[in-house]
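Here the structure comes first, spelled out in structure tokens, and everything after it is commentary.
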Amino acid sequence: MLRSHSKLVLLTPGPTPLHDEAVSALALPMLGHMDAEVLNLNAEIQADLRVMYGAPNAFTALLSGTGSLGMEAGFANLVEAGDDVLVLVNGTFGARMAEMAARYGANVRVVTAPSGEAIDPDDVARHLGRARMVALVHGETSTGVLNPLPDIARIVREKSDALLCVDAVTTVGMGPFDMEGLGIDYAYTGSQKCLSAPPGVAPVAISPRALARFDARRTPTPLWYCDFGGLRDYWEKRSYHHTVPVNLHFALHAALRAALREGLYARAARARDVGFAVLSALQPAGFTPFVPTEAARLPTVLALRLPPGLDDAAVRAELRRRGMSVTGGLGDTAGLIWRLGLMGESARPHLYRPFLATLEDLLGERDLVRRFDAALSLQVAAD
Ligand SMILES: *Cc1c(COP(=O)(O)O)cnc(C)c1O
């Protein structure tokens, strides 16, 4: 057992606290990856993923790896050397997409936006050109920015036949997602973000159009492990490809069922309400939203600029000592911001209230908890 292990509350933008039902499922006795019970459970996962992604006709599956493998599998399978790929980059994960696409031989062009700002759909229209794929991050975890996916998708669908590849790691599962309606061809997430399952599987959804593009490849995909053909062998034909992490499938299945039972609209409301209450508590104490435009704020990652004089490293170290994990900035925002997670089980008042009480103590502030509770009861009254 790790020292002080069981006491740490994760208020981070992933991994998120495990859902109770995922914890129980994780401890179920082991079964073989080709056992009929596991294959039937896989079919339930596939059906639930089609609901979560809003993609009744997509092929859905779990990749054996984290969200980054979901990202990599999209480029490995859907890009061939020399393809023109437009990547929208306004943070760390958009930059990771551009790097991966380049490693699979794509001719990468990028559209950028300044840190803390959303991608401008007009810029996408201007640079679309003859792109074979457009790739973007829906919610940038590194800055707390929500990119205008519906507007971007409309432009891509109306003006090109490019495949649309979307990183949905911070959004899908924590609110309704309309993959089919928006014409998205490939989307992925990681189990440890909005679903609050353990890290290690990446739920993906692949449109019929994307599968047709894959089937028309001139060369085999260079990434054998996540070859879409191999995925179909296991998930559709029920033949062996590789040993899937069966216990992580159990946990993901339980967490996904719990999410759909709660309802995607209810989950979106929960993230919004807790986020609003945290902001209401902290703003009068000098914390300000890092993303200036309200419409561009990601509901699942609250990025806050720290009040002048607050010692980022020291305060977070003390929070850690008192059992709470908070994430700072990344790259050029290190030391300047905190990124508070509101994905899955982290969007809970009973986790944020003690955090605010501790901050009252550490910062010599008053009324953080009082403002938090007042804002929450306002939200509940409005619902
Ligand atoms: C966390 C995250 C990823 C990568 O997931 P890993 O599980 O760390 O591999 C990709 N995109 C976004 C937006 C993320 O937040």
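Placement of Cβ uses the backbone N, Cα and C atoms for every residue, glycine included.
Where the annotation comes from TrEMBL, it is an automatic prediction and has not been curated.
What TrEMBL lists as substrate binding site is Arg339. Secondary structure at Arg339 (substrate binding site), as computed by DSSP, is strand. All protein chains included, Arg339 (substrate binding site) registers 24 other Cβ atoms within 10 Å of its own Cβ.
Taken from TrEMBL, the feature domain 'Aminotransferase class V' covers 30-329.
Residues annotated as N6-(pyridoxal phosphate)lysine in TrEMBL: Lys193. Within the same chain, the residues at least 6 positions away from Lys193 (N6-(pyridoxal phosphate)lysine) whose Cβ sits under 8 Å from its Cβ are Pro13, Gly14, Pro15, Thr16, Gly67, Val169, Thr170, Gly173, Met343, Gly344, listed in sequence order.
Averaged over the domain 'Aminotransferase class V' (30-329), the predicted model has a pLDDT of 98.
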